[in-house]
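For reference, the structure is listed below as structure tokens.
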């Protein structure tokens with residue numbers, strides 16, 4: 001049986017470290033810390049990539065962009081998202097919508113949410129209203145609550161655009 005829709009979910013987390021900004025959804029956000037990561041550490045785009053890959057059972061971001069590979073040192077996570085989108089399109093799928101939640105006490109995400117939505121929609125060539133970015137705190141519980149790091153969750157709905165050749 002073949003369906004014309006698939007769903008996927010992703011999660012990413014990074015600890016805070018030295019720096020003066022974090023990348024969130026492809027947007028540079030000023031912050032008192034950076035993140036400890038091999039690439040630019042964009043938890044939003046990393047979670048979104050994992051959701052997209054998971055929807056088609058294509059593995060995870062670590063398999064496609066291993067931290068052991070020097071090519072990805074300090075890489076712009078927009079590259080990762082475009083690669084994942086290309087894999088979907090090659091197989092006849094597109095992102096129908098994406099729903100992303102950032103979990104942190106700081107930085108405040110709200111003032112940057114529209115810019116993140118615009119960046120993600122542009123990278124995926126989808127409508128702005130197909131991308132949701134929102135934030136929550138963990139009520140000062142756990143590592144995000146103590147301000148030690150940042151996390152993101154993403155859910156996607158994929159739609160079939162073409163039946164791949166057999």
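Using N, Cα and C of the backbone, Cβ positions are placed for all residues, glycine too.
Annotated divalent metal cation-binding residues in Swiss-Prot are 12, 14, and among 33, 38, 46 the one listed with them is 46. Residue 46 (divalent metal cation binding site) falls within a helix when secondary structure is assigned with DSSP. When the Cα atoms are compared, residue 14 (4-CDP-2-C-methyl-D-erythritol 2-phosphate binding site) and residue 38 (site 'Transition state stabilizer') turn out to be 10 Å apart. Across the residues annotated as binding 4-CDP-2-C-methyl-D-erythritol 2-phosphate (12, 13, 14, 38, 39, 60, 61, 62, 136, 137, 138, 139, 143, 146), the two Cα atoms farthest apart lie 30 Å from each other.
A separation of roughly 11 Å, to the nearest angstrom, links the Cα atoms of residue 143 (4-CDP-2-C-methyl-D-erythritol 2-phosphate binding site) and residue 137 (site 'Transition state stabilizer'). Among the recorded positions 38, 46, 137, the ones whose Cα sits within 10 Å of the Cα of residue 61 (4-CDP-2-C-methyl-D-erythritol 2-phosphate binding site) are 46, in sequence order.
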